[in-house]
């Protein structure tokens, strides 16, 4: 089997299972009850969402607070997909560039359109810093426009590259430990310890990358609100 086979979208009886992989995370979360007093899990879940949303929307003015539900949902969605993908025999949808770009492009475009609609002068002012020499004006406008259009690509590629690299490293080191076990048991044990540490790192990466994706979106929104 190729190392890259794990990144192929799963198909069962000719039916793509991508939709199932995307729907599953929502089933794992408990739904809030109508009672006044929740259980410990629901209380913890509510506390985490409140704290995260409060932290994320701190630099935004009240106009950007409408995005609270969207950004919090996106964060929970990405973090769950990333974490579930670390389990054996699972498929990680966020290793697919198509999915990440499908999330990044419309959301980035929404922030740009909001900026153009609400404050066009300020939004276009980002393309040319104040006090620029006259000769550099055309060059700077081109550079700033390119950097604006690279943002969604950077969002999508960052998430894909980090998760893909992590999964490949885990598979390579696990294969090395498995092959070395009968030949050099001591080296195999050291490799297994390295694999355990790498898995801990990947858990951290899975959480951090989901947070970075949403944080950058909120920063783009902050510029345009």
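Every residue, even glycine, has its Cβ placed from backbone N, Cα and C.
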Annotated transmembrane segment segment (source TrEMBL; candidates 32-50, 203-221): 203-221
The transmembrane segment (203-221) vs the transmembrane segment (136-157): 3 or more CB pairs under 8 Å: yes
Cβ-Cβ under 8 Å with the transmembrane segment (12-29): same-chain residues at least 6 beyond its ends: 45, 76-77, 80-81, 84, 91, 93, 96, 99
For the transmembrane segment (169-197), sequence-distant contacts whose Cβ falls under 8 Å of one of its Cβ atoms, 6 or more beyond its ends: 3, 6, 86
